[in-house]
Amino acid sequence: GTIHLFRKSQRSLVGKLTHEFRLVAADRRSWKILLFGAINLICIGFLLMWCSSTNSIALTAYTYLTIFDLFSLVTCLISYWVMMKKPSPVYSFGFERFEVLAVFASTVLAQLGALFILKESAERFLEQPEIHTGRLLVGTFVALFFNLFTMLSIKNKPFAYVSEAASTSWLQEHVADLSRSICGIIPGLSSIFLPRMNPFVLIDIAGALALCITYMLIEINNYFAVDTASAIAIALMTFGTMYPMSVYSGKVLLQTTPPHVIGQLDKLLREVSTLDGVLEVRNEHFWTLGFGTLAGSVHVRIRRDANEQMVLAHVTNRLYTLVSTLTVQIFKDDWIRPTLSSVPIANNILNLSDHHIIPMPSLKAADNLNPATSTPAKPSSPPPEFSFNTPGKNVSPVILLNTQTKPYGLGFNHGSTPYSSVLNQGLGIPGMGAAQGFRTGFTNVPSRYGTNAHGQPRP
């Protein structure tokens, strides 16, 4: 085959992932995350073995939170990778949406794990197995310590932003009501419990508390069904905590406008519409590119005598305070249409007897127009959308050439034909012998081309 000397070798998917992982591992900030990831894998292995030995589904549901911590560490690595990468021709807006996709995938997988726990718990209600409490309490404290240590030691920028921007879960709302009551008695705890707690820390503490209650009830009364009830409670708390984050990150992926910035955007657009030279602002669209990054595009129609660069600078200056990635398209209010015929017509062919004249309908008076925008002043008529090159008000009548030409110098008579002969020759249908009779209805038309009605040559 042909040997291409300068062609780059195509890497496989594994090779590309290895190259990007080496790029991230070269940064010392990622070493801490990689260390916590390795410890997390070891902890997950021990917890899964203890879940099998104790036969506790509640401990299994709590172990899924440790697996979610592993997903959060991977998301943090992706965040570091996004900061290292620059926009490319393929990804012109950068790689910030990979963070959003990682958060969405992590929260959805946590909800799938909660649904799996609910399904297993429903089966256990029919036949409840015996629960061994030998390592139940040990596994609980190991998982709690590692989860809290990971959440508080690693600064996870994507999840920190989502936990603040997303709506509160039902667990946070109930804890907030309880915290207000406690802070009313002990005001010094307001800095810890208010305004709302971290959802990940809250679910770790609530799950550990449910497992401790399970351990005490099994040890005291051998009430094994409480393990299944605790598993359902942990699964519901997991689902309720992750669902608002999935909704928020999903809306970002769908390029929707954030609700909390709609009022600010409307205010800025009203300010832009009042700028000097701006006639209309339309086709505006704003969406969240990544966590904390807003992108948008807008079309601005300006006067024909306005300076495009000046208007562009003012519009960008107003919107850049909120929209970091902005595209502005400027349209001038130019409604002039070029003339219908750019080539002059010879005078010797403009004969009324040889052409048909189509009169143009008269336009309305000029007082119905707004001289500032050249658009109708009536409120009932909508503004034209991109109606460039529309007909003006001083258009001359259109003159169409007659396709039936005369034979020059043959001496044929092209006068009017009596009606009786017309009826006898096929009712004047073209091609039936009476086509020349329909050209004019005057009786004093000269028989020679180039003479007037009195037989004198035309000027």
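Note that Cβ sites are derived from N, Cα and C of the backbone, with glycine treated the same way.
Look at TrEMBL and you will find 34-254 tagged as domain 'Cation efflux protein transmembrane'.
The region 'Disordered' annotation in TrEMBL covers 368-390.
Per TrEMBL, transmembrane segment is recorded for 31-50 (among others). Residues of the same chain lying 6 or more positions beyond the ends of the transmembrane segment (31-50) and with a Cβ under 8 Å from any Cβ of it are 25, 59, 63, 66-67, 69-70, 73-74, 76-77, 80, 135-136, 138-139, 142-143, 146, 150, 153-154.
The feature transmembrane segment is assigned by TrEMBL to 62-83 (among others). Using a Cβ-Cβ cut-off under 8 Å and counting only residues 6 or more beyond its ends in the same chain, the transmembrane segment (62-83) has close neighbours at 20, 23-24, 27, 29-30, 33-34, 36-37, 40-41, 43-44, 47-48, 51, 94-96, 98-99, 102-103, 105-106, 109-110, 113-114, 117, 139-140, 143, 146-147, 150-151, 154-159, 203-204, 207-208, 211, 234, 238.
Feature annotation from TrEMBL assigns transmembrane segment to 95-116 (among others). Within the chain, the transmembrane segment (95-116) has long-range Cβ neighbours (under 8 A, six or more residues past its boundaries) at 61, 64-65, 67-68, 71-72, 74-75, 78-79, 81-82, 85, 87, 158-159, 162, 235-236, 238-239, 242-243, 245-246, 249-250, 252-253, 289-291, 293.
Taken from TrEMBL, the feature transmembrane segment covers 136-154 (among others).
The transmembrane segment annotation in TrEMBL covers 200-218 (among others). Sequence-distant contacts of the transmembrane segment (200-218) (same chain, six or more residues past either end, CB-CB distance under 8 Å): 56, 58-59, 61-62, 65, 131, 133, 136-137, 140-141, 143-144, 147-148, 151-152, 159, 163, 171-172, 175, 224, 226-227, 230, 233-234, 237-238, 241.
Summarising the annotation, TrEMBL assigns transmembrane segment to 224-243 (among others).
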